[in-house]
Structure formats: structure tokens, C-alpha cells
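TrEMBL annotations:
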- 51-368: domain 'Glycoside hydrolase 35 catalytic' (DOMAIN)
- Glu198: active site, proton donor (ACT_SITE)
- Glu278: active site, nucleophile (ACT_SITE)
- 415-524: domain 'Beta-galactosidase 1-like first all-beta' (DOMAIN)
- 548-605: domain 'Beta-galactosidase galactose-binding' (DOMAIN)
Amino acid sequence: MRFSFRRRRQAAEMAASVFLFVAVSLACLSVSGNLVSGNKSFTIDYINNCFLKDGKPFQYISGSIHYSRIPQYYWKDRLTKMYMTGLNAIQVYVPWNFHETVQGVHNFTGDRDLEHFLDLANQTGLLVILRPGPYICAEWEMGGLPAWLLMKPNIVLRSADTEYMQAVSNWLAVLLPKIKPWLYINGGNIISVQVENEYGSYHMCDYNYMRQLRSLFRYFLGEDTILFTTDGNTDKEMTCGSLQGIYATIDFGTENNISDAFARQRRFEPRGPLVNSEFYTGWLDHWGDQHAVVDAQKVSRMLGEMLTMGASVNMYMFEGGTNFGYWNGADHDNRFRSVVTSYDYDAPLTEAGDPTEKLLAIRDVIKQYREVPSGPMPPATPKFAYGFVTLRKIGNFSSLLKTLSPMGPIQSQYPLTFEQYYGYMLYRTTLPRDLSGPTPLICPLNGVHDRAYVSVNGVYRGLLVRDTTLVMNITGQQGDTLDVLVENMGRVNFGSKINDYKGLLSNLILGKDILTDWKIYPLDIDGAIAGGWPQSSTARGKEPSVGPTFYTGTLEPNGLARDTFLKLPEWTKGQVWINGMNLGRYWPSRGPQQTLYVPGPLLSTTMPNNITVLELEGAPAHLRVLFMDWPQLSITAKKP
């Protein structure tokens, strides 16, 4: 999901293009009486430049929604609101790594039950435009590719490389047979399927790779399924991303000229429907950004113009949702920039699924082009401010390794990366000599991915940070324990650096000594918390610590289980779990996001709700967290 703002056409050409597009659209609509109505068919009419659904001209008005970013118990609610807005379709990504986190182990249950999601969409009356990748971007961890691919040292991602294609083939052999019964032509609701994703934005430009993918999709889904590509609004992206036999679509946002963009699509796809596969209703946030906002009137006005042309449009996003756990991605242009936990996206439905003024403006536009379902829009889900909860200290990592790494360490002379794991890993060695004064600990070759929290004998000494802080000073005696807790802040999801290894990628140098003889602890924090820790622990403390430390507390039940938003005032940076669910990362000092979304059904109405916080740098003396009834996604935001 990216686009370019280049404009290459002259104003006169743009005006002529608009006239042509409208004329073609009217011609397409005028032939409906002459078409033979088919039985559950979805095709492209290349003569009249439109889609045909059951033999009749069809224009889709769609919105993107990611089931992987929304708890299952809210899927129906979100889909209903999209339907009531007037949409007749939704667009859905399938994140490979969400379903095959461990190689060969596939999970399609609970929040990963893709077929249940498709069924709910079908029951709601929504068609589906499916985007199964294998790469999806989506500001999702490694663009949806599983990190275990990087355990193959010579693998070339998103190419015809044999090792990569073998893994892709194995995955698609699992996924696509599940999809086939849901194709519209087979009685389901999937009208089209994307092959790869914005491949023209990638540096490889490997047509053999795209041909192999096309063959796989045809083998599993049949010759009658509409396959499509989507690429950004430049000639280079359209050239490398499109392939004969796959329908080429384009994506662009409110800063682009519509006729210029669709003229570019026409150069690569001379006949067939005009399609904007990603019309941007908002934008993403990185830590340290200003919260992105896209004007609702610009969105609605431009949507109306495209619909008048007869174009099919998908709005990206219609609801963004949340990067729960460790699923956020990252960008790397001049430096590494991690995506925040919220994927609110300034979309028509908020992160919590609430209708906005932008949604109402879009609905008013859609009413001019198709009949919108009658009846009121489902209301926002109830919110509740549960107030303050005071936490207690459990302990730091050095005292908790038996709990957090029950399998024990891996021993290695030199550091190893951790491509089988997400979240955190601890590297431990000893100081090789006495350090009479502050001695530089150096991470050469930018080898810390992404943040390393350094302690000596359990005492926190400071940070090494990718791209920015590669040297720090420490002191100590020979034989002292050196702990380096490395945080994976999300693998790069876009561009040429998606082969984003995590952990320590190079040796650490202490003065002139290369540090060796490492014990490397894979940390299963989520597993320990899901198993009842730390509430089962007897260790308690009232004083906060500096450096990576766990804290716990309980939100007492009050008979209500409503959506709420967790704020951590004066806390620095870390991770939060409630009742075993990993809500994601917080970093209020960096911003813009200040609160974490807590879905109401996660909370118990009768039992204490367990809160666990991993604070990585330093907790406030008050050790309080606050449950609010509204989200704060920017540092300066005030209650609406």
C-alpha cells in the first residue's frame, strides 16, 4: 500500500480523458438490456469496459477491512456498518505469517478463521475482493511474509528463487483450496483475486516470478477466476507490476489527478473497467510522526468523481483496526521507522469500529449511485472509563529467565539472529576484563535490530538503537554478567529491505575486544502470561525500576465489559497484556499514539482482569495506568 504523486499529463489531455471515461461508462451501462443473464458469473466485458455480474454491468464500491486486525467477536459489527454505508464489496488481505507463524503449522481458527469471516461477509450481503499475496505489504510485519523464510541464508524474497517459490507453493497449496469454494462463480462471494501486491514497487521486476504465481493461481482457482494486479501511479510501477493474463489496476489518493491516473491504467490495460484498488481515505502513522489526517470532503468529492466515470473503487482503509501483539510493520527509507500499534488510519470507521463524519459523507455520495440499505447506521459500541489502576513490580529480566525462557539458552560463540521468534530475545555473556573507566560498547555495521537494552549484573546501563545510537559506555569487573535484551520493533514491510533480520546481526565490541561465548535466550513472554504468570508469582514490589521490568495489577470487575482505552501516563516504552491478550506496544513520549484499544469482550464482568506491563526503560513512581472512554491518537488530542 503505497502511491506516488507524479503528474505527467497536460490539462487538456486530462479533460479529454474525463470526457472519454464518462462516455465509455455510459456506453457500458446502456448495453445491459442486450446482455444474456448468466448464472453466478463474474467476468470482464472488454468491449464495453466494465465488469459483468451475472451477465449485467456491475460497478463495485468497496472498502478494505483486515480480519487479522479486528477481534473475531466484532467482525459482524464492522461488516454490517460497511454494508449500511452502501458498500457492495469489501477488500481483504490474507497475511501468510498470521496463519503459518511456524513453518508447516497452519492455523485457521479463532481470530484466524478466514472462512468464517468470508461467510459473515456473505451473510451480510458483501462481495469480496481477495488479496492473498503471498506478499501483502499492509504495514504488517514483513509484509505478511513469515520470518522463518529468512532462516534460509541465500533466499531471494519475491522472486523466482527456488527456495522461495517452494515455500510459496506449499503455502498456496494450503490456502487456495480453502478459497476456491468461496469464489462467486462457485456460489460464494469472492469476485476477484489479486496476484502478489504492488510488485512494481519492488526492485526485482522478475516477470518469471509473476508468471509462476499466475500458474499457481490458475491451477488452484481455475481459468474463469478474475485475477488482477494493483500498482502505484507511475509508469515504472505499472510496467514491473503488470503481466499479460492478469488484469492491471491502479491505486492513488486525494493528492492525485483522477484522469491522469486512469489514463496511466489505460496505457497498460487498454480495455476493461477502470479500477482504483486503493483509494486512500487516510494514512498510517510511524512512531514519532504527527497523526495522519485526510480531509473527509476531499475523499467524498473524489469518490463521487470516480463513480461518475463508472470506475470501480476500493477505499483503503474503511476500517483499519489494530496491530495487536507484534504484528506492526516498519518502513526503511533513510532510516528504520516502526509503525504504531493503532491502525486507525483516519478511516471512515475508527479503530474501535465507530462511524465518523467521513463515513456519513461517503454514504451521502454513494446514495447518488446506488440504493443504500434503509434503516439507521448501527451505533458506536459503548465505551467506559474504568479509571486508574495501580500496578506492582514483579521483577526484571535477570530474575525471571527461568519463567520467560523455560527451554533455556542457545549457546553460541557469536550472536545469532532470531528469525523463528517475534518480540524479544536476551543475549548474555560476561565481561572479559576489568573496566577501570567508562568503556565503549560498540555495535558495528548497524548490527542491532532494533533496540537493545543493556544491563550489567542486572543494573540497567542504557540503549543501543538501530541507525541512531551504536555506541554507549559501560563499566564493570571481569566476569560480570552482561545482558543485552533486543526488541524486534517490526520487520520492514515495504521496499527493498524486507529481508529484515532481527536481533544482533554483528558482533558487539567492548573497547578492543570482540565479545564471545553468548547464551541466547528465546523469550516466550506471551506463553508465560497465557499460562497465568505473573499473577501466580509471589514476588511483589512498590518501587519502580530503571530498565526492562515487569509490573502487574488487576482491573476489578464492575459488571460491565465495554470497549475502553488504556493510557500509560509518564510511562516510557513497552508492551501491555490484558487477560493474556497482547494489546501491543506503547511509547507515549515518542507518540503520536497515547492510548491502546482494549476490546470490551476481552474483559470479564465477574473476575479480576489481569494487567501485565513490560516497561523497557523506566516506569513512573506512581505506577498507575488509566482506562479512558475515548482514544488519544495524537499527543495534543483532546476529548471529542
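Including glycine, each Cβ sits where the backbone N, Cα and C put it.
Source: prediction; values computed, not measured.
When averaged over the domain 'Glycoside hydrolase 35 catalytic' (51-368), pLDDT in the model lands at 98.
The two recorded residues Glu198 (active site, proton donor) and Glu278 (active site, nucleophile) have their Cα atoms spaced 11 Å from each other. Counting Cβ atoms from all protein chains shown, Glu198 (active site, proton donor) has 25 others lying within 10 Å of its own Cβ. In the domain 'Beta-galactosidase 1-like first all-beta' (415-524), the DSSP tally of helix, strand and coil residues is 3 helix, 57 strand, 50 coil.
Secondary structure by DSSP for the domain 'Beta-galactosidase galactose-binding' (548-605): 3 helix, 27 strand, 28 coil.
The Cβ neighbour count for the residue listed as 'active site, nucleophile', using a 10 Å radius and every protein chain shown, is 27.
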